[in-house]
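TrEMBL annotations:
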{"type": "TRANSMEM", "residues": "99-117", "note": "transmembrane segment"}
{"type": "TRANSMEM", "residues": "196-213", "note": "transmembrane segment"}
{"type": "TRANSMEM", "residues": "220-241", "note": "transmembrane segment"}
{"type": "TRANSMEM", "residues": "261-278", "note": "transmembrane segment"}
{"type": "TRANSMEM", "residues": "299-322", "note": "transmembrane segment"}
{"type": "TRANSMEM", "residues": "342-361", "note": "transmembrane segment"}
{"type": "TRANSMEM", "residues": "393-416", "note": "transmembrane segment"}
{"type": "TRANSMEM", "residues": "422-440", "note": "transmembrane segment"}
{"type": "TRANSMEM", "residues": "468-488", "note": "transmembrane segment"}
{"type": "TRANSMEM", "residues": "500-523", "note": "transmembrane segment"}
Amino acid sequence: MALADIDKTVQVSATEELTDAPASPRSAPTTTWGKFLKKIELKSSNSERLSNEDLDPVPWERRTWRWYNLALYWISDAFAPGGWRAAASLMQIGLSWRWSLFNIALANILIAIVITLNAHPGARYHVCFPVFSRVPFGFYFSYVMVFMRMITGIFWYGIQTYTGAECVRSLLFAIWPSFRTLPNHLPKSANIETNFMISWFIYFLLCVPVHLIRVENTRWYFMFKCCLVPICGFAIMGWVVQAADSLPGESLFAQGNTVHGSAFTWAFMSALYSNMGGGSTYATNASDYSRYTRKEYSILFQLIALPFSNVLMAVMGVVGAAGTLKVYGTILWDPLLLIDHWTSRGGRAAAAFCAIAFIVAQIGQNISANSIAAANDLNAIFPKYINIRRGQIIAALLGAWALTPWNILTSATAFLSFMSGYSIWLSSIAGILFSDYWLVHKLKYDVRELYNTNGIYRYNKWGFNWRAVVAFTCGWVPLLPGFIHSINPNIYVIEGMVRLYYLGFFYGFFCASLVYWALCYFFPQEETYVVEAVLPPGKPSDEEEIIDGFGSDVVGSDYGVEKKA
């Protein structure tokens, strides 16, 4: 047997041994709370490794995603009401429609590169973000990063639920016009009316069954969404163009930039940061989906699908807004407000179809961007009791109900601004993940040690990597003054710090990644550097050989297994 075969056998056996290790026996609980915890304890949980079935490396039979599944995932994510409105805020700060679309395209190209780079650990080692973040941050300090991302996911789940409820309300408007004038029985202090609360509850009920789908099977939902929603988008755009073609009036396309010189430059950079910041969550949770792929090269198709789909949806929004300026005399950036104007019998039927498509779109976007990420984080924090399915339900309950997003959107604008600027932390996390994987450890991890509480990635008795702590601090602290000013403009901050905040994602990502690389170069933790990557088992076969390298696509497992002669 060749040396490569021996190494492979050791890797597979060690991984399987860690996965199947039985938990140590304990006495039966006597309290009610103890009995409840015993009842909900996951059968696959392992207290010694702090893991369970959903946290372990994805086995071969569950790696069902192909390159087109990832491409359709990003296309389906873009086709949502939020994507339609993408250019609105840019034009409101003074950019023309051309510069707005260019800004959106540039932001999505750049964030697609970051997402693809940070998706590779998942495609190669088939682990999620909470697991592979243990390498740069340390086994226990990584939980701080996991908690921060979990808060982000739960919060934005609630905000996206608000948009989903608007989609349901538009559907009910189209089916029952009297729903528009439904009497309100809630007090004004509730910040929500009866008809919207009904829509909210219906939308939440529609989400629950989708949360129960296993992650590897959500590809079918995204495929269905990708077939349905673009039809709706093109239909709305086609109707607007046809309706506005013969009407006189000012065209939105004739409007140029309303800011010039340095004001234009910093407005452009602010918009670029905002658009890239919206993808900062994806920059950290990219491996949560890429872990289900069989081929490493599958993640490369994100580089095309992500910017293309987002720009296309933004173009639809610009064309739609330009048409509504002529048709209705006002600019309607929200497609839901647009279809709410279709009140004829045929118009209501079309509005109902579009509303259904947007409901499907919003559910998919909320799952892909928020609930699965938060569920993976809850899974890592409570591996004994929470798997991805339970985590999604908990995240949905907390985000949609406990946070009361309708109050946040109507009265807690400062808190909303705070969460919108949360990317100053996520960009630093993404930069450290990139630096550790590509520059420091050069793609070589030991997957067994990722689950070893006393292993090489613990770094010290406290379980944190001080290099990552310093780099993370350098990545976000200088952005704090500008961040505070964005929350409360009445607080004076020098212009230079405000402009640095406009470069927030770039500064946070590159500063954190370079500082981390420099500290690891001058103060290396030698035991964390492995000679060869230790990978989880691939496709079962008699004789396999691991080939080190990016994007290997040969017979065998997805990280480069080749049939020997």
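Just so you know, glycine gets a Cβ as well, placed from its N, Cα and C.
Of the two recorded stretches, the transmembrane segment (220-241) does not lie close to the transmembrane segment (500-523), with fewer than three CB pairs under 8 Å once pairs fewer than 6 apart in sequence are set aside. Segment contact is absent for the transmembrane segment (99-117) and the transmembrane segment (393-416), given fewer than three CB pairs below 8 angstroms at sequence separation of 6 or more. Within the chain, the transmembrane segment (422-440) has long-range Cβ neighbours (under 8 A, six or more residues past its boundaries) at 114, 117-118, 120-121, 129, 132-133, 135-137, 145, 148-149, 152, 273, 276-278, 280-281, 283-284, 468, 471-472, 475-476, 479-480, 483, 501, 504-505, 507-514, 516-517, 520-521. Packing against the transmembrane segment (196-213) from elsewhere in the chain are residues 161-162, 164-169, 172, 182, 186, 221, 359, 362-364, 366-367, 371, 389, 392-393, 396, 400-401, 406: each is 6 or more residues past its ends and has a CB under 8 Å from a CB in it. Spatially, the transmembrane segment (261-278) is not adjacent to the transmembrane segment (468-488); fewer than three Cβ-Cβ distances between them are under 8 Å for residues at least 6 apart in sequence.
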